[in-house]
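Report on one structure; see the data block that follows.
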Amino acid sequence: MYDIRGLNEECGVFGIWNHPYAAHLTYLALHSLQHRGQEGAGIVCSNGKQLFGARGMGLLTEAISDEQLKSLEGYQSAIGHVRYATTGASEISNVQPFLFKHSKGDLGLAHNGNLTNAHQIRRAIESEGGIFQTTSDSEVLAHLLIKGKAKSIKANQKAALNQVKGAFSCVILNEQQLTATRDNCGVRPLMLGKVDGAYCVASETCAFTAIGAEYIRDIEPGELITFSGDNDVDYDTYTPDIHQHMCAMEYIYFARPDSEFQKHSIYQVRKALGRQLAKEMGVEADIVIGVPDSSLQAAKGFSEETGIPNEQGLLKNRYIGRTFITPDQSVRERQVRMKHSPIRDVIEGKSVVVIDDSIVRGTTSKYIVKALKSAGAREVHMGISSPPLKNPCYYGIDVSTHAELMAAQHSVETIRDMIGADTLTYLSVEGMHDVFKQYGSKGECNACFTGNYPIEIVDHLLPEVKEMKRRGV
Ligand code: AMP
């Protein structure tokens, strides 16, 4: 059955136009975007006459074999995708890029983000006889792109993009051109680069570093950039209605620390979040430690601000996947235990400040506090380098229902008690915003903290979707 929860995706996209090693560079770039999705990966290439693709389930190295990559040699343009779906719909048909064969020509599409009216459009297309092969919202966009009646590809793209609502950073490939576009609120990142004279685009600049590309700039909200010919570029927008709402969680947790947004390092942003938290927390302790890997920079910033020594108090087992994607809570708890191990010699007898970037269900914090105490910590003060996560994200981050969110259900004091910490401090929304602004942000989406959703949520308010959610479909 069609699963509305299956729409909830975080992903990484890449595209490159007119490079002799297009597929190989895409493969390398996807490697460095792997943190954005581990469920499936794919590449679609063009030789100027036809599109070809390879995709599979799992990590990139499992998803695309050496033989498959070899079969894509010699094509000049390519798009690629790594996928991270949360629940349901974990099947090969949903792995992108999608490749459609149509009388108008071939179409390849890779999308990061969530469309908030995909269900509504899908029902309308189905009622006219349209059929879908996947449960993904991205296929809805492909339908709209192909349905267009205008003569020019760009006019059809603009018409399609103006019908969808939500968050999308997309790469679209056909025989004549590569298009990169970002939704008009700029929720998900998309960057423009150049390598050996060829243009490329990526979700994060760490992909450019991996392939030796120059990071030119961030693609702006509502921008529609088309690469064609040898190296022709057309810069346009698909709408005049532009807003700035970059996802706050991209800064806090999701992006790699060696990536940059608006030419500012994520590493420095996270350190500054830690400094700001230190100002707001005002606690005395012997050491400060970060939960590896995502909170190491915030802990460093905290230490610089307070003068409390920064130690490595927790060791991460690098060979375990993300705990978050495990569907069952009891398995998730065991995984967290295997994932982070306290270093007794560092912890014993100390008053410890431990920094994590967020509390979602509370599984990690509960275990970490317990582990630190059993390693002999005298006191454990938990600092969270983001505000309480109280609201689901409809724009592509894996936080889907109020029921799953500890801070949606409980007060800070109750959470402190539940996780067993001596104190618990979250960063304020204002403090967070000040840091982002200082590091070049033009505006954020902070809906998961504040409930202020910048883009209309159509599907989740439809009675039939509410009913599907109620039944847990
Ligand atoms: P939990 O154990 O459910 O409270 O999740 C909190 C942990 O998950 C933190 O250590 C975060 O680093 C991490 N985290 C936060 N947001 C996400 C997300 N959207 N996807 C995966 N992991 C996350």
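Including glycine, each Cβ sits where the backbone N, Cα and C put it.
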Candidates SER294, SER411, SER428, the one TrEMBL lists with ASP356, ASP357 as binding Mg(2+) = SER294
Neighbourhood of the Mg(2+) site (SER294, ASP356, ASP357): other residues with Cβ within 8 Å of the Cβ centroid, in order?
-> ILE252, TYR253, GLY290, VAL291, SER295, ALA298, ILE355, SER358, ILE384, SER385
Quick one: which of the recorded positions (CYS11, CYS445, CYS448) have their CB closer than 6 Å to ligand 1?
-> none
Round to a whole number and give the Cα-to-Cα distance in Å for the pair CYS448 ([4Fe-4S] cluster binding site) and ASP357 (Mg(2+) binding site).
-> 14
Would you mind reading off the Cα separation of CYS11 (active site, nucleophile) from ASP356 (Mg(2+) binding site), to the nearest angstrom?
-> 23
Given the binding-site residues SER294, ASP356, ASP357, which one's Cα is the least distant from that of CYS445 ([4Fe-4S] cluster binding site)?
-> ASP357
Neighbour count check, CB within 10 A, over binding-site residues CYS247, CYS393, CYS445, CYS448; minimum at CYS393
Take the C-alpha atoms of CYS247 ([4Fe-4S] cluster binding site) and ASP356 (Mg(2+) binding site) and report the distance between them in angstrom, rounded.
-> 18
Compared by Cα position, which of the binding-site residues SER294, ASP356, ASP357 is the closest one to CYS393 ([4Fe-4S] cluster binding site)?
-> ASP357
